[in-house]
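In what follows, a structure is listed as structure tokens, so that the remarks can point back to it.
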């Protein structure tokens, strides 16, 4: 199929360097490009989510609770429209290689263990969770910096300066703060998402649909999968944000969860849930749609 695409004059495959790439590296490139698009578009939602959760962490959170729309307006008013993209640099440093690493790891695992058949639902969960674990651990220092940038509580001048400051004041442990909560959030999200996404796609008669509408249908399947996965992993996201915004050097995930419950009840675990669900759902749906379309252009099965 790859040769046929080259002969057909597909621009994506016209260069010899691209056609000679290892399939795993092609998956990395496709994933990185899809991550770039989705991160840039939906960064404002991530910033608002972090601000909502940071407000809950402060002592004044027991009083008035800002709503998502009010926070959007406040950020634009105080920091101008570009303030909504505060923290986009560490987001890029985390998501571009992170999404590429996720998709290339997923591609490797799928083609190693499931080259002859499609994975079953539970196997899809394990594939997604395992791939995300690799990416999340590698990118966690940038996740910590991104969270602190977006909160507006830290005066870091650059990503490098932030990494240096955290390492100097908190040690290597500070760069990996919230690791447990991050894995509790990201691994299940990716596993649940992949399971529902592949199941939803199987319900759609792909052979009876015009290929022109295939990306739209895949995006719709991604929306459904993203909503379900976001709701299931929202508590872990709140815990992760509380840990990474805290000045304390030692954190225990269980203690943070207990504090949230004691101070805010069960609803505290779903603070910032709407902007996160919107962002994660739209980002995942777009990333998968772009990734699969690019892989198809390269003649590879995603």
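Yeah, the Cβs are placed from backbone N, Cα and C, and that goes for glycine too.
Residues or ranges marked as repeat 'Solcar 1' by Swiss-Prot: 22-112.
If you look up Swiss-Prot, you'll see 119-203 marked as repeat 'Solcar 2'. The average pLDDT computed over the repeat 'Solcar 2' (119-203) stands at 90.
Taking DSSP states H, G and I as helix and E and B as strand, the repeat 'Solcar 3' (213-297) has 75 helix, 0 strand, 10 coil. The annotation repeat 'Solcar 3' is assigned in Swiss-Prot to 213-297 on the grounds of sequence analysis.
A Cβ distance under 8 Å defines the sequence-distant neighbours of the transmembrane segment (28-53), meaning residues of its chain 6+ beyond its ends; these are 21, 66, 68, 71-72, 75, 84-88, 91-92, 95-104, 147, 150-152, 237-238, 241-242, 245, 271-272, 275-276, 278-279, 282-284, 286-291, 294-295, 298. If you look up Swiss-Prot, you'll see 28-53 (among others) marked as transmembrane segment, on the strength of sequence analysis.
Residues annotated as transmembrane segment in Swiss-Prot, with sequence analysis given as evidence: 87-113 (among others).
What Swiss-Prot lists as transmembrane segment is 125-150 (among others).
Sequence-distant contacts of the transmembrane segment (178-201), counting only residues of its own chain at least 6 positions beyond either end whose CB sits under 8 Å from a CB of the stretch, comprise 102, 106, 118-119, 121-122, 124-133, 135-137, 140, 143-144, 147, 218, 221-222, 224-226, 228-230, 232-233, 236-237, 239-241, 243-244, 251, 253, 256, 280, 284, 288. The annotation transmembrane segment is assigned in Swiss-Prot to 178-201 (among others) on the grounds of sequence analysis.
Taken from Swiss-Prot, the feature transmembrane segment applies to 217-243 (among others).
According to Swiss-Prot, the transmembrane segment annotation covers 272-290 (among others), on the basis of sequence analysis.
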